[in-house]
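Trainee: Have a look at this one before I ask anything.
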Amino acid sequence: GRRIQLLKGLPATSTVEENSAAGVSVYNFNVTVSPLASGGVAILPTIVNSNPLTEAFDIESKGGLEYRVVTTGNPVLDYETMPKSFDLQIFVEDTTGRTDLNILTIQVTDKNEHPVFRGNMAIQTVMIYMLEGTPPECIYQVDAADPENAKLKYSLLPATVPFLIRESGAIFSTKEFDYEKDPHCYFVNVTVTDPDGLNSTKTVNINIININDERPYFTTKQRIYRIPEEQNPGTIVANITAKDPDDEDSPSRLFYSIQSSDRHFSINPATGVLQVTGRIDRDALPLRLHPNISLIVRVEDSPSSGHASEMEITIIVDDINDNPPECNPSAFRKEANENTPPGTFLVDLRNYCKDIDVDPSNNQFSFTGLSGFGSNNFALESTVSGRLVMTGTIDLENPANPGVEVYTLTVRVQDIAHPNYSSKYPFYISFDNIIYIYIRIKPVNEFFPVFSNLSYVFSVSEITKVGSSIGRVHAIDKDWPPNVISYSIVAGAGTRDYSNIFWISPTKGDVRILSRLDYETTQKHIFTVQASDQGKSTTASVTVNVLEVNDEEPVCSPNFFSLKIPVSLAVGTNINGFRIECQDRDSDPRSFRYFINEGNENSHFIFSPSAGSNTSRLILASRFDYESGLDTNWIYSLRVHITDDNLVSARDKTTHLIKTGTVTLIIRVIPNLTTATTTTPGFTVVTKRENLYSPSAWYVPFVITLGSLLLLGLLGYLGLLLLTRLRTRCPPAGRAHGTPLINAPGKKKPKKEVVVTMTKLNTVFDGEARDPVTGRMYEFNTRSGARRWKKSNEPLQPVLAMQATSSATDNSGQGTERAEAPSKKEPSEKRKELTAATKPAAKPSAGQSETPGQAGLRLQKKKEESEDGGLSSLA
């Protein structure tokens, strides 16, 4: 709001005296309001701030519009320790919104104050103690101060006391005190005064301490005391008294103690009362042998460095019947078989119990109170002997038997001596001892386990996961308590391939499968399970019927194949006579469907039939067209899928389990080859051999290969021998007859050329496939079916066109005749054969000459005969 002069008399300056009490008026002022302010003051005058900050002031109303500034007493103003001036900002506002803010300056004035004591005298009455006979000396230093730092004056009252105080405040004694003659205590008032006459007074209490100079003496004459053992702590044994001459007629202030080391007794240091503090056991060492206890009692007139006297007393400890019979152990555990005959001895309790009381009249005991559930089956022979025997026969399987395995019996062992312990010695309540006897009736394994069924039959799908539970067998035992039955498989549960197909839980009897079931291999498993209770056992038969499920994939042979076909192969041709044959152990042969899943670009290939048969042939469906650019791929990798759902209806295909086999075909398209036909007159002898191969005889390729190598080695060796003989027996014709080997150039005759060919038994392998059983790659001949294992580093043999006078292709048009690639030994052998054919023959034995052509024919004939013989032996 608008600021206007509302506070009359402000700003102003006022003073206030230090140590002013709460409510002291410091300054008065008025508030003037506008005539328009009908409501008067909206906000009463208020101290909104102070410098320095303080809460020592407040504003009170005097009535109407008059106000005053007063002290609050919190804190009390102190000129010496607090600021000496305060600026208070006072704010007021009337009902019209006009405000005013002014400052009142308050100055604190100094005031003369009383001197004050410091230290202990400021808070309590000082107690001073002096030993009698002490020479005059300073006994206390008074500490006082004046708030205005003025010099103080000290004085003592009354003036008759034998003490004085100096200007420094030190109090001195003026004589040596005698405790027996002088007063024992003095009360002295110490007054301190400032220069203006203000003073303060405190009282000092001075006590004179007596000095001990006389030896005390015992007044008790008794020296021997008798007590029973096992007294309660605090029991008074004796009251030892003494007197100190220094005390004259007043009660002596003496201190009693026991000098000898003893834990059984203690003495009150002030009264001399001797009492029991520890257990006194007459039956334990050393009191069992020496029941007397000697004590040295000492009395002193001062706790230290005083005068003392000593006295010896003897305490005799008497035996009482305070020990019950003790049995160790206090609990016995015995075992007895069920059906144990009556009278069977179990335990003799007296061998384990004793009473350690010293007096023979206190250490006799008896056995009584045989009790407990089933105690009627047991008895004590006598109360003195403590022999426990069987009195009945316990059969756990008997329905009348309560079914208790462990009988808990109690026998009370008690003293025969008859003092009234509870009345004479209330500290000991009972002197009876309870023996606990636990008799366990051991079950006898009397019954065999019995299966709930004589045989069990479980049906399980062949695709059930390994580890699944297929059923449970259960057996019970009539023995009580029931024995723990363990289950095991004792016969069966295995096949030729797996020793254990099934597993049974030893505790629960759950039967689980350990390996995959196969309906196609075994439709039913029968095995024997055994239930054993650690002593007796019984068996039961378990039959597991395997339910058929379509879980077998079609297996096709071959599953991997490589083919080479000419680019001009006719449409509709069975490519190289290739076909796949599939088997499925859980599907009908008519259930197969064949389709090429991938790699069949431009749909050049199909299988026929495509479904309903376990064999299908690869057919060329459309011709290749590389000239127009329609086909660019010369190698086709076909992935053929064979499914076994051909006989499944479309409705059942969503729920029927369908398996798929896979065959991979690699087809290489060979461009047309240009073949040059020789015009050399002559002839070519072609000998063709076919090896018969049974798909089931895996060893045939190995035998054929080994036999071929051996035969080639033999032929090479024979050829070498033959050439050696020809060289030695047939000299050149020119030297023998004087005629040239070649006709005269005058008339040339057509030269006859003899071509000598050696039949190779190495079959040409132009296809590759993967064995479905072992997974290894093998090579085969597409026409003869001959096979051999493929070496990992051996490439596919190239197909070579055989040179012949006939056409390069056969009548069927399915492929070209393939000749075997020459072996490494063939060039050298052929050179040897040609050399032998062109050299002049040796002189015949009959004197007739032999032409080189005749010699070559004879060599060819011999080789064919040897080859025929080798093939016959190989076949």
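Start at 1 and count along the chain as shown; that gives each residue its number.
Just so you know, glycine gets a Cβ as well, placed from its N, Cα and C.
The following feature annotations were taken from TrEMBL:
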| type | residues | note |
| --- | --- | --- |
| COMPBIAS | 804-815 | compositional bias 'Polar residues' |
| COMPBIAS | 817-834 | compositional bias 'Basic and acidic residues' |
| COMPBIAS | 835-844 | compositional bias 'Low complexity' |
| DOMAIN | 8-117 | domain 'Cadherin' |
| DOMAIN | 139-218 | domain 'Cadherin' |
| DOMAIN | 219-327 | domain 'Cadherin' |
| DOMAIN | 328-451 | domain 'Cadherin' |
| DOMAIN | 452-560 | domain 'Cadherin' |
| DOMAIN | 557-683 | domain 'Cadherin' |
| REGION | 804-875 | region 'Disordered' |
| TRANSMEM | 698-723 | transmembrane segment |
Trainee: For the domain 'Cadherin' (139-218), what are the DSSP-based totals of helix, strand and coil residues?
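Mentor: Split by secondary structure, the domain 'Cadherin' (139-218) comes out as 0 helix, 39 strand, 41 coil.
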Trainee: Helix, strand, coil: count each for the residues of the domain 'Cadherin' (452-560), based on DSSP.
Mentor: 0 helix, 50 strand, 59 coil
Trainee: Over the domain 'Cadherin' (8-117), what does the predicted model average in pLDDT?
Mentor: 85
Trainee: Could you put numbers on the helix, strand and coil content of the domain 'Cadherin' (219-327), residue by residue per DSSP?
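Mentor: Secondary-structure composition of the domain 'Cadherin' (219-327): 3 helix, 44 strand, 62 coil.
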Trainee: Reported in the order helix, strand, coil, what are the DSSP residue counts of the domain 'Cadherin' (8-117)?
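Mentor: Helix, strand and coil residues of the domain 'Cadherin' (8-117) number 0 helix, 61 strand, 49 coil.
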